[in-house]
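Everything on this sheet refers to the single structure shown next.
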């Protein structure tokens, strides 16, 4: 389930987070990405391109790799420890730094809503929810690591514009309504930083995700012997991509600075492309 946020369309999705109703007016995209209607339309508008790796542009990344966080009132001690283990997994392997929120305006909030899902990328407004299941049925650690991947700016790996060179999708084996989980970006939002497709990414779906029958294969790797869908931890590619994305230096700090719209227009991206209304986009909620 991997795909970095490309940085071009998140603004509208930021407005939707009501203080007491965290997912009001948000639509679920690809099972675990939450987006506003406008963000969903923009995301869906960029699915047929050629950029590699599903990673967002700088505008949708957390400045300096610093991510404040809080816990909702319903999160128990076990849930807090689960979230902390997932954050430590990222921090021990990248230059990202999660810290308890003080007065920061933008932050993530861990909560129980019964699902494993999160907003994609940095929106810059209000709190961004990361749901880690429920007290009775918490998400596995690997799934929480995966959801934090969405939160820091990854789409699903199979959302990459070049994914058809690496996996075959069998729509006949999909359950009804699962098609939207297998959309790909057209290169408008995605910036791969020159990295190759990563079968081993923690952001990649398994072969059976979204299937309509037991053991029915929905997504088959083209490379013989390749395994997809692991939830053990970050792959070497995940780590490398994150450190490139957040401009990690030799001291283990992020040199990523805030990017405004004007700077973003000058900083990479394909100006000839337009968002694909049917493609994934920043600010959506993904699982």
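Cβ from N, Cα, C; glycine included.
So that you can see what the record holds, here are the features copied from Swiss-Prot:
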- 146, 150, 156: Zn(2+) binding site (BINDING)
- 268-287: compositional bias 'Basic and acidic residues' (COMPBIAS)
- 249-287: region 'Disordered' (REGION)
- 1-20: signal peptide (SIGNAL)
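The secondary structure of residue 156 (Zn(2+) binding site), as reduced to three states from DSSP, is coil rather than helix or strand. Around residue 150 (Zn(2+) binding site), taking its Cβ as the centre, 31 other Cβ atoms fall within 10 Å, counting all chains. When Cβ atoms from all protein chains are considered, those within 10 Å of residue 146 (Zn(2+) binding site) total 31, not counting its own.
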